[in-house]
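Annotated features, as they stand in TrEMBL:
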type: BINDING; residues: 52-57, 104-107, 140-149, ASP175; note: FMN binding site
type: BINDING; residues: ARG265, THR499, SER560, ARG561, LYS566, VAL567, TYR568, VAL569, GLN570, ASP603; note: NADP(+) binding site
type: BINDING; residues: ARG421, TYR422, TYR423, SER424, CYS439, ALA440, VAL441, TYR445, GLY455, VAL456, ALA457, THR458, TRP641; note: FAD binding site
type: DOMAIN; residues: 46-191; note: domain 'Flavodoxin-like'
type: DOMAIN; residues: 246-485; note: domain 'FAD-binding FR-type'
Amino acid sequence: DFYFVFSPYRQVSQRETSFIEKMKKTVRKQDSVKEVLHVCGQGKNIIVFYGSQTGTAEEFANRLSKDAQRYGMKGMAADPEEYTMGELARMSEIKNSLAIFCMATYGEGDPTDNAQDFYDWLQENDDEDLSGLNYTVFALGNKTYEHYNAMGKYVDKRLEELGAKRIFDLGLGDDDSNLEEDFVSWREQFWPAVCEHFGVEASADELSIRQYELKLHNDVNMNKVFTGEIGRLKSFEVQKPPFDAKNPFLAPVTVNRRLNKAGDRHLMHLELDITGSKLRYESGDHVAVFPTNDSALVNRLGEILGVDLDVVISLNNLDEESNKKHPFPCPTTYRTALTHYLDITNPPRTNVLYELAQYASEPKDQENMRKMASSSPEGKALYQTWVLDSCRNILAILEDMPSLKPPVDHLCELLPRLQARYYSIASSSKVHPNSIHICAVVVEYSTKTGRVNKGVATNWLKNKLVNGHKSTVPMFIRKSQFRLPFKATNPVIMIGPGTGIAPFMGFIQERGWLKEQGKEVGETVLYFGCRHKNEDYIYQEELEDAEKSGVLTQLNVAFSRDQDHKVYVQHLLKKNKEHVWKLIHTDNAHLYVCGDARNMAKDVQTALYEIAEELEGMTRTQATDYIKKLMTKGRYSQDVWS
């Protein structure tokens, strides 16, 4: 995620305006550019560019641009995909300018989709002279992943190599512990440094600042009202390709079945029909779906706030020059906004609590809400226990703090957007060109406050009845690097316990199809794991059939709880170490790991280090290097989540 900062309290010079115009003119997507950089000509000081995959970076960017206002500057957030970053060097022509880059890392150390072009530009332009450019970077990542914050670290280092001057230290946000806390701590030191750099008084106005104003539509034509569409009005009624994140395809659900025979969890297999969509996918790609919130939660929110959820409203940006006219598609109803557009189930971030504090009639409640948004140890601890550890969403907070009665429009302005959810595709397009398979486990758990929290997407998918009312799923495809070897003769070792088996169902189908085509196919080895053979051995029939027909040359299943001691996939790898090592070291096998990043992926990697040490006499350092080389050569791929 990235931001530019233009200096405060100055008339905008001709030079700046020409820089802005230049940046606009070199844009590829002329039609999608909302004249954002034009606003610098309107006296904006700070532009916050965000590179975001799941919306968090965009949230942080919005908060920083709002902060700028508190410090008497003018800011706005903007999507970098819509501009040519090649004009960065010209910022040095502007007196007192500063660029902030807020970069999220996605997948295996990759840039987010909307930062890809910028990343490519940084890599390709060795002769770019960025001397005179002042910058700082805040990175968003997760420590459980191999390439922790790779993107932010790369941008920070690369800008310096190209001659730019770092004016504030790289911030590292870790979503595995507390990303919010990392951001708040960084931001608290960042602003005084910026103010000092600009020679501006470093005192923030503590008032709540509204970004949008409410407009009620009393006599609106209902054909002009958004009812859940992501992009174009009526795009769900009249579907037009190409289909992507801004224009999802409504895929009918043709199969929805429970996979596990017993146990208290619900593992499910769904099939989405993409006939006529012109969508293409490869085994290993991800399908993204746009879920909706549970209507019971939405109704309860309406009840507790005492509002009619069916009034038609618009939230209009008070900054008329901003490219972001509304926080979500408008006009719409509160019901649609809370159902389709807003995240009402995740614990709210501290800025939401801070802004809502003014609406608590009890002074103690106000004090606690502001305290939780501060960086005092006491405040951080309260936020950690009362909000995060207790898994309190906005509804739980309103229920447990009866004096808090915010206006619904301000709440809707502050809540983050509901994001698409990504699933590894569990089918091969060679076998199922018009169908995409999903394998997922329904998320449901009890919280410390005695409530039952349900995963938004998995519970919504679970309730998609075949041929039922509204049994379509808005979706698009995201390409991945998780690919079968180009040469079918290369052996493959697939390691995927639980729903981590998803992409391997596609791989197995594809290897079977290649065999049917008369191709010579290398060894195909699977390591799968579940709790109990008689409960959650999912796809058992398909896997045993694949083994019988020789498509799977080896099927290894770890049943973790069917004996006194736990047995996991890494134990089976160690048990078969000679075979595993021969495939990797001698036969040029490709390794694939899919599933839990926090424990499983790490344990598998450790098992491979140990095999290399035991069979090849390597030291741990040599073994680590050996596995790293496999990764860089594209022979060790991971599709993991935490």
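Just so you know, glycine gets a Cβ as well, placed from its N, Cα and C.
Unlike curated records, TrEMBL annotations are generated automatically.
A map of TrEMBL features onto the structure.
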| residue | record | Cβ within 10 Å |
| --- | --- | --- |
| GLY55 | FMN binding site | 16 |
| ALA104 | FMN binding site | 29 |
| ASN142 | FMN binding site | 20 |
| TYR148 | FMN binding site | 17 |
| ARG265 | NADP(+) binding site | 16 |
| CYS439 | FAD binding site | 24 |
| VAL441 | FAD binding site | 17 |
| SER560 | NADP(+) binding site | 17 |
| LYS566 | NADP(+) binding site | 12 |
| TYR568 | NADP(+) binding site | 18 |
Inset, instruction - For ARG421 (FAD binding site), list the number of other Cβ atoms lying within 10 Å of its Cβ atom. - result: 20
Inset, instruction - Could you measure between LYS566 (NADP(+) binding site) and VAL441 (FAD binding site) for me? Cα positions, answer in whole angstrom. - result: 21
Legend entry - GLY55 (FMN binding site) and ARG421 (FAD binding site), Cα-Cα, nearest whole angstrom: 12
Legend entry - Under 8 Å by Cβ from TRP641 (FAD binding site), same chain, sequence gap 6 or more: GLY595, ASP596, ALA597
Legend entry - Shortest C-alpha distance to ARG265 (NADP(+) binding site) - which of the binding-site residues ALA104, GLY107, ASN142, TYR145, GLY455: GLY455
Legend entry - Rounded distance in angstrom between the Cα atoms of VAL441 (FAD binding site) and SER560 (NADP(+) binding site): 17
Legend entry - Largest inter-residue Cα distance among ARG265, THR499, SER560, ARG561, LYS566, VAL567, TYR568, VAL569, GLN570, ASP603 [record-listed NADP(+) binders, Å]: 24
Inset, instruction - Could you measure between GLN570 (NADP(+) binding site) and TYR145 (FMN binding site) for me? Cα positions, answer in whole angstrom. - result: 18
Inset, instruction - Have a look at the binding-site residues TYR423, CYS439, ALA457 and say which one has the shortest Cα distance to TYR568 (NADP(+) binding site). - result: CYS439
Legend entry - Nearest of the binding-site residues (GLY55, GLY107, TYR145, SER560) to TYR423 (FAD binding site), judged by Cα-Cα distance: GLY107
Inset, instruction - Determine, using Cα-Cα distances only, which of these binding-site residues is closest to CYS439 (FAD binding site): SER52, GLY55, GLY107. - result: GLY107
Inset, instruction - Any same-chain residues 6+ apart from GLY455 (FAD binding site) with CB under 8 Å of its CB? Would you list them in sequence order, or say none? - result: VAL442, VAL443, GLU444
Inset, instruction - Could you put numbers on the helix, strand and coil content of the domain 'Flavodoxin-like' (46-191), residue by residue per DSSP? - result: 64 helix, 35 strand, 47 coil
Legend entry - TYR423 (FAD binding site) CB neighbourhood, other CB atoms within 10 A: 24
